[in-house]
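Record features (TrEMBL):
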TRANSMEM  34-55  transmembrane segment
TRANSMEM  107-129  transmembrane segment
TRANSMEM  150-167  transmembrane segment
TRANSMEM  173-196  transmembrane segment
TRANSMEM  216-233  transmembrane segment
TRANSMEM  253-272  transmembrane segment
TRANSMEM  293-320  transmembrane segment
TRANSMEM  332-354  transmembrane segment
TRANSMEM  366-390  transmembrane segment
TRANSMEM  396-421  transmembrane segment
Amino acid sequence: MTMKDAMEEGSNNKWEWRKTRTTLMVELKKMSSIAGPMVATTVLQYLLQVVSVMMVGHLSQLSLSSVAIATSLTNVSGFSILSGMAGGLETLCGQAYGAGEFEKFGMYTHSAVISLTMVCAPITMIWIFMDKILILIGQDTTISYEARTYALWLIPALFASAILKPLTRHIGAAISFSLGTWLNVLILLCFAKYSYACEKTRVSFSTKAFLGIRDFFRLAVPSAAMVCLKWWACELLVLLAGLFQDPKLETSVLSICLTISTLHFTISYGLGAATSTRVSNELGAGNPKAVRFSVCTAMFLAIAEALIITAILLGCRHILGYAYTNDTMVVHYVALMTPLLCASIFTDSLQAVLSGVARGSGWQHVGAYVNLGAFYLVGVPIGVVLGFVAHFRAKGLWIGIVAGSIVQTLFLFIITALTNWNKQAVMARERIFDDTSSDESATNHKTIV
């Protein structure tokens, strides 16, 4: 190689590095502009519920444990299903927007509202008979009755999707949760109606929304399975904690750990939602190279965020429990659980981004199979064995969560790494434009008739 060739190669490498750095900065800016508001929204919404649990925890162990059980069952039977089904919109709306089909974006949103409202009706019946269900599965009678009372006041929140304004009593917290939820709905409706940001996707309600229900359910059901299978596994372990010798202590500790973990997950979920948006937009626009770069950028942000949060939690582990209770036994137990909590938080950060990739690509069914295997063939069995057979109690149950999360993250990472993004981009555009052709055919048929 001559001196001239070496200089040209060095110049080309320098140019490629500058180009990559510029592209990275642009992608970070795009990702942050989506993730920032999403993280702020999810954190503030869940933070209200966290503060409510904190207030209840300072009343008594009975109050904390009953609210923990009620929250667990309402999450399992209600909120997790709605959250999971709503994930179907991340594929449909994201890819429609990327393809420039703005009217379909609004239509899919209307279809989702109709579908989720219908789903709420049978869920309320479960909540009405919550005390009988809890007693049937072996929970403490007093805790079961208190949990039912709390759940009844959460029924309005089910129909509106959640915001909580806590009061010092746990029933007041549930009432405030419901009222705050409807206030949030009204604010969002006004924003969607009058904001310039929603101008392209704003459409009037029409019968087309009912035609979109089938497309929504096609992705919403596997999306719900994907979300619920993990969520239910975590909540199942909280319910199992009620079967230990000291159910109030074990349930309270697991509830605190799960609350902290979920609060952190609102940050990860915001980043995952941003990843889903970027992936679905670029697939809809037919830009597979941009998808790869978006995924790498999101993973970098997830690792950085996880390292910061785990460092803070480990540094504060001896005082962390005092935010939720004055009981020194519970506080000490939480300190012992913190290293395990940090391990699950780190894996959650990674899997939230990878799950966002799955939702943005329309692989919800694949994610459902991964979560089924990771948590019900690995996580829950390990947790039960360590908790009840090895007598690790709450620590054993949480080790099961960590094991399931590690398996989930590994499988999602392998699937993402082996994906043919060129093929995914073609499939995304076929999904959007095939639906558009179907709608046009239906309209033409009506006109002829």
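Glycine is treated like the rest: Cβ placed from N, Cα and C.
By the Cβ criterion (under 8 Å, sequence separation of 6 or more), the transmembrane segment (332-354) is not in contact with the transmembrane segment (216-233), since fewer than 3 such pairs are found.
For the transmembrane segment (366-390), the most Cβ-contacting stretch among 107-129, 216-233, 253-272, 396-421 is 396-421 (pairs under 8 Å). Beyond its flanks by at least six residues, the transmembrane segment (216-233) meets 75-76, 80-81, 83-92, 108, 111-112, 115, 355, 358-359, 362, 364-365, 367-368, 371-372, 374-376, 379-380, 401, 404, 408 of its own chain at Cβ-Cβ distances under 8 Å. Residues 230, 233-234, 237, 240-241, 254, 257, 283, 288-289, 291-292, 295, 337, 340-341, 343-344, 347-348, 350-351, 354-355, 357-358, 361, 363, 366-367, 370-371, 373-375, 378-388, 390 of the same chain lie 6+ residues outside the transmembrane segment (396-421) yet bring a C-beta within less than 8 angstroms of a C-beta in it.
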